[in-house]
Amino acid sequence: MKVYKGEVNALPPDKSIAHRAALIGAVADGTTEISNFSGGFDNQSTLGVLQACGIAVHQEKLKGPNGLISRNVVIHAQGFWSLSRPEKDLMCNNSGSTMRMFAGILAAQPFESRLAGDSSLMKRPMQRVAHPLRLMGADVALSSDNTAPVAIRGTTHLRPIDYELPVPSAQVKSLVALAALHAEGESRVIETLPSRNHTELMLGLKVEALSDGRSAVIIPGRKTVPAKPFHIPGDPSAACFIIALGLLSAGSEIVVRDVCLNPTRTGYMGVLLGAGAEISMENIRFAGGEKIGDVLVRHSPSMKPLSISDPAVVANSIDEIPMLAVLSACATGAFELYNAAELRAKESDRISAVVDNLERIGFVCDEYADGFAVTGRKDVTPTGKVAIDSYDDHRIAMSFAIADRVVPMELDISDAKVIGVSFPDFFEIIESLAT
């Protein structure tokens, strides 16, 4: 088994922040400069739909550490109504973030548009997108089973709204905020459980703590958004895979540089630390309201099994749960997850996908509606080459690509190219750490 040591200096730029920087740039007044923008398929899909609506977008490719490519992006806009009617469907490809958040901007435009995507995205629920926009006065049509395509007849007279999120969702919070920027009055988005707060930080929105423990994001209507520069830090969700590799591999020690350490994104690190993982955060600083730092991880053979059930922790670490499950199973032979039904509505049904593939490599699992448990290993461990189904989901593919480095059999992952959605240089970085 290989040992993994060294530094990762070119983590993929954070997808969540990059999406928002581009979308905010499209409604800002002036020129928005974004440094370290991602070349991954999802973020490029956001730039693509902006260009299809007439927004001027320019990209400059730069060669960074290890020869990997980063990008600077410049977006020119003239305020809320800079967009023009697209000539055809706006293709979001596999990016649910693009589809959901851009819908908030399209709802305020004086034209009709339609958001579509690949076969996976077209199966994902969009009722949570349509509902608040309809309440604000936009005409939104979905398929008969409330999935994409999302057809929007916008209006320049959106009504302000007080909207309580039915489930924690930073994407729905952001789409309502982007729509409410155009509305004729002040709006509020109310959260019972906190979700990613990048949109609030980037727009400088006020957040009020309510007496019952909830919080309210305040969005002023029709207040000009001045253009400003954004720098995209490293994606903590991508860092999770490197961290898992370091924790699982004997003798390994890895430093991941310039990671976004926003507390709404690092719940998974708290889960790992609570289980005895050797992880430390160093060189902490702040940029654009975001906490950034370096993460040091060492092989942790004494880790305890992970158990995740707190709804707030689930919401905070929803994207990292597949990797956490695979990590815990490989390290300890056990894992527990509850209150995570939302995982069934991601790029794949991630509960079933993880269970299926863990069973293929010799683990015993119990699956239920809102989670699953790994209860041990089968009496007979598979040998030779084992087929792993990525379910066309980048996080499933990467989770089992990490497992492939530490399990006794060879894993053959279907459609591994889907990893390019969020981490184009995944395999190159992994191999650069191998000693």
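Yeah, the Cβs are placed from backbone N, Cα and C, and that goes for glycine too.
Pulled from Swiss-Prot:
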{"type": "ACT_SITE", "residues": "D319", "note": "active site, proton acceptor"}
{"type": "BINDING", "residues": "K15, S16, R20, S169, Q171, S195, D319, K346", "note": "3-phosphoshikimate binding site"}
{"type": "BINDING", "residues": "K15, G96, R124, Q171, R350, R395", "note": "phosphoenolpyruvate binding site"}
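For the binding-site residues shown (R20, R124, R350, R395), fewest C-beta neighbours within 10 angstroms: R124. Taking the Cα atom of each, S195 (3-phosphoshikimate binding site) and R350 (phosphoenolpyruvate binding site) are about 20 angstrom apart. The two recorded residues G96 (phosphoenolpyruvate binding site) and S16 (3-phosphoshikimate binding site) have their Cα atoms spaced 11 Å from each other. In this structure the C-alpha atoms belonging to S16 (3-phosphoshikimate binding site) and R395 (phosphoenolpyruvate binding site) are separated by 15 Å. K15 (3-phosphoshikimate binding site) sits 12 Å from D319 (active site, proton acceptor), taking the C-alpha atoms as the reference points. Sequence-distant contacts of the residue listed as 'active site, proton acceptor', defined as residues of its own chain at least six apart whose C-beta falls under 8 angstroms from its C-beta, comprise S237, C240, R395. Counting only the Cα atoms, the space from K346 (3-phosphoshikimate binding site) to R124 (phosphoenolpyruvate binding site) is about 7 angstrom. Cα of S169 (3-phosphoshikimate binding site) to Cα of R124 (phosphoenolpyruvate binding site): a distance of 14 Å. Here Q171 (3-phosphoshikimate binding site) comes close to G96, S97, R100, M101: these same-chain residues lie at least six apart in sequence, with C-beta atoms under 8 angstroms from its C-beta. For the 3-phosphoshikimate site listed in the record, the two most distant Cα atoms among K15, S16, R20, S169, Q171, S195, D319, K346 lie 19 Å apart.
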